[in-house]
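Note sheet for the following structure.
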Amino acid sequence: MRLPVTAQSDEITHPKRLGYSYRRHLGERFIETLLFLMAFVSVAITIAIVAMLVKESFVFFEHVPLWEFLTDTQWTPLFDDAHYGILPLISGTLVSSAVALLVAIPLGTITAIYLSEFAPFAAREVAKPFLELLGGVPTVVYGYFALLFVTPLLQKIFPELPGFSLLSAGLVMGIMIIPYVSSMAEDSMRAVPMHLREGSYAMGATRFQTALRVVMPGAFSGIAAAYILGISRAVGETMVVAIAAGMQPNLTWNPMEPAATITAYIVQVSLGDLPHGSIGYQTIFAAGLTLLLLTLTFNIIGHVLRKRYREVY
Amino acid sequence: MKDKDLSEIRSIIARHKLWDFIFMILGVFVLMIAVLTFMALFSHMLIDGMPRLSLDFFTSFPSRRPGSAGILSAWVGTTLVMLVTAAAAVPMGIGAGIYLEEYAPKNIITEIIEINVTNLAGVPSIIYGLLALSLFVHQLGFGQSILSAGLALALLILPVVIVATREAIRAIPVVIREGAYALGATKWQTVWDHLLPYSAAGILTGVIIGLARAIGETAPIITIGALTFIAFLPPSPIKPDFPFISFEWLMAPFTVMPIQMFNWVSRPEEAFQINAAAAGLVLVVMTLTMNALAIYLRYRMRKNLKW
């Protein structure tokens, strides 16, 4: 901004350094542009992810027709008798995710309700950081735990369970996801205004009734978002399934069997030494694209649900 | 009111109170499941891995004989990769956070960036690995190097740093900014001299949580094609002759802690699985320490916060 400068009192009231400085102005503009570019990197990443997956998959689909990719029931791209059907990988992914969600959604919701509505202050102060720590344990460690602790434990209950199974991978994945689901669901429940609870208590409702009939519907959009986050985590989870579910593609809906997920297949191929540009190399991008579309689908469903049931206080 | 009605109401109240009580027990029980799982995980690794933890374990290379194998190349690799990740993600994340909070005009581009940051946090980590494989390893020609791995993890934790920066800056009252502007400060002077120092603790918390996540992340690095058996160290960053610093290590092949552990877990011999337990123990202690530090910082901040 240009300061008003009068002729007679120039030096005394308005020294030069307070005037309009072209250099300073340019510096500010430069910094703003730089910061904008940094913020724009996140968009660039998204564009790069989509462009890269589509480009590499395009080469793949020139070699393998889309119809075969979607309907063939075998996935053996590295064998001499190569089949490129994504179904076995999708079934493995969906089964392990379903097991994980059967654990994470009920337990995560109960934890969230308990921490938000029931727990005394001290219990919450201890439990929240603890759950956060649980979410910070590396996934490869959970994989180790699933393979060497949970599987032998389950084998005592189900003697016919093989050494690799979707069941034990899914169970451990579920426990791993609980903190994500519970912390997000709890945040949205605590955002429900206190006067709604007070109204409910005034009508003679108990805490459980209030939680179930007032708080949960009020926080529905946030709870839905928490579930969607859990689903994304489960579908995209890699190390637990790669270690504990085996890496053999297997078209099955039975969690007691070993099977490979999309992510486990990508890991398996990456561990080998595939030349850049070979068909095997392109399969992991086609698999990656499928995985991204799968998580995108769930995210869109979640977005629609949130929009529809959003409560504004 | 008739006695019969009263007793009926009492029984309804008693029933609902019982439900309340049952749910409370259930809540504690579910929390206990989480606690017990963590205990089981930790103690299982402790019992199996503790005997292997000696100084030799940290100073030996991986080996075909499980008894003499160690994690030297793994922890050196992890440290170097984290240096690259921090160097890339911290300035970029803070810059983006400042822009979105202080500079961004309310328009469609800003909205796209904001939605995008939220969505990036939900992209599976292995997809970042594929991006890095295609972009850094092949197109930019960085190869299967520490640089590629560090950048891949930097992209992965970028949303964490951005969100933490935004929250920390948003918590600073407008009065501070108005005071600075009133004294003639420019926007950047306000940001650099006031907002950044005041939000430093909050940003640091986010950075630590992000790096803790990056340390344990395995899938993207495997996708890049990190080797699982490395029996040498990258070239030293310090040289005896001028200019004393070398960046050759950026291009060196490497392995990291979680990959070393994965490699040992997936071997059939039991002796290697004991090594895996020991490596896992080191890894868990590392990430838990970082997370605990972040939680403690946040706790301290909340307590001392008086504007």
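Note that Cβ sites are derived from N, Cα and C of the backbone, with glycine treated the same way.
Caution: TrEMBL annotation is automatic and unverified by curators.
The following features are taken from TrEMBL:
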| type | residues | note |
| --- | --- | --- |
| DOMAIN | B:75-294 | domain 'ABC transmembrane type-1' |
| TRANSMEM | B:21-47 | transmembrane segment |
| TRANSMEM | B:67-100 | transmembrane segment |
| TRANSMEM | B:112-136 | transmembrane segment |
| TRANSMEM | B:142-164 | transmembrane segment |
| TRANSMEM | B:195-212 | transmembrane segment |
| TRANSMEM | B:218-235 | transmembrane segment |
| TRANSMEM | B:242-262 | transmembrane segment |
| TRANSMEM | B:274-297 | transmembrane segment |
Which of B:21-47, B:112-136, B:195-212, B:218-235 has the most Cβ pairs closer than 8 Å to the transmembrane segment (B:274-297)?
B:195-212
In contact by Cβ distance (the transmembrane segment (B:112-136), the transmembrane segment (B:218-235); 3 or more pairs under 8 Å)
yes
Who are the long-range neighbours of the transmembrane segment (B:112-136) in its own chain, taking Cβ under 8 Å and residues 6 or more past its ends?
96, 100, 104, 142, 147-149, 151-153, 155-156, 158-160, 162-163, 217, 219-225
